[in-house]
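> Let me give you the structure first, and then I'll get to my questions.
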């Protein structure tokens, strides 16, 4: 503090004003520490039998009979947010984005000692997805339902809610759910290709079967699993997930069939038509467009080059919109945060910032700039923008609040999260009833008894305002898909570019390049 005062007295007047007004803006952030915490969060979201190396000690085994009534083992996986339901669509998207984070920035994660933990987090999810896909044309897409779950406030270990399992099949299709799950398994197969090749092949088989299933029997999953409609309705339909799955299957296999699928179906499935200003668990078009643009920059377009150029134009529309330099720009708060909606806005911030970051590295590797309506932007300009979003999340904002639980000194203490807000079963094994949990724990005004380390909560409103209150679910509830793209961002910011070409064929953004030179032990 004394050094800061001395710096202020020596600085010019305008700089003094900046330092006093924004005391955290010049301090910098420990991205490595934030990365460690961001990955740890996933251990708090685990369902099933917890392993001996479980680091979040206040959690215990839960959901141990999931799937039993349907004659299938669905124990495991992740709870999506602050409740105890296992929703298949956002879980699969979470795994896709964790895998993409590792594929691009695994080398930087390894430098931080976090690659093993990140791979374990992916495998916890893919182990469950394998169980959820017992037959080529059957996929279980939900365990539990939001209505009965939200009626109760119980820690996962005490659940008394309905744990019915819901599936899609040829008579009750769900191309979006099948496509996203295929994408997750294909992306994860890249992660495990060197360290666990048999597991990678198993994932790839499931991914190929699920893509075929989703493409052959078309329909929206929430028309089949209707209990999901209130919570994870597929507003964008299934066309984006089919393209998304094809893109990841091509990345994983280099099979021309999937490249041709992207080329032949770009127009009919909307990949070359939709100009997007969001990317998340529902709408995947911007992610598809970035991946196809990468293929084009790698020289893989071939006879589809003109079609892939249309994908790339849409990818760059998204980038320019994020930077405020396009023809239709994404709204920002006065403090500079991307803003789309009041409910869990942070999911869009982390996902969009991840896309901006990987696209920046693709452009840098290709020696190109981004051309927007308002001018040209260098790759470093894109990275600077993504960094500004991460820095806002970590505390560089008008409230000087960190929206990552446990990072910094001023972070949310009353998180909308059942497990975090109720005393650990290991501390007090007394049963917490369905409604009793609301009366005793939900209504408490004190800090959570269990620290949900690394969780990214929903975040502030359009004017940078935030209320740290447990019943303020729009702002204080975390989600796995908030964190999944952020771990890639934090690894990139912590470790820098990494010194390799993101477009080198076969290296998958440097991760496999790293694995070829350093032995990586997968989980």
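Note that Cβ sites are derived from N, Cα and C of the backbone, with glycine treated the same way.
According to TrEMBL, the protein has these features:
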ACT_SITE  416  active site
ACT_SITE  468  active site
ACT_SITE  477  active site
DOMAIN    31-490  domain 'Glycoside hydrolase family 9'
SIGNAL    1-27  signal peptide
> Do you know which of the active-site residues 468, 477 has the most other C-beta atoms within 10 angstroms of its C-beta?
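Of the active-site residues 468, 477, the highest Cβ count within 10 Å belongs to 477.
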> Just the number: how many Å between the Cα atoms of residue 416 (active site) and residue 477 (active site)?
5
> Please give me the CB contact count at 10 A for residue 416 (active site), counting all chains in the structure.
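Total other Cβ atoms inside 10 Å, all chains included: 24.
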> Tell me the Cα distance separating residue 468 (active site) from residue 477 (active site), rounded to the nearest angstrom.
10
> On the 0 to 100 scale, where does the mean pLDDT of the domain 'Glycoside hydrolase family 9' (31-490) fall?
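Per the prediction, mean pLDDT sits at 98 for the domain 'Glycoside hydrolase family 9' (31-490).
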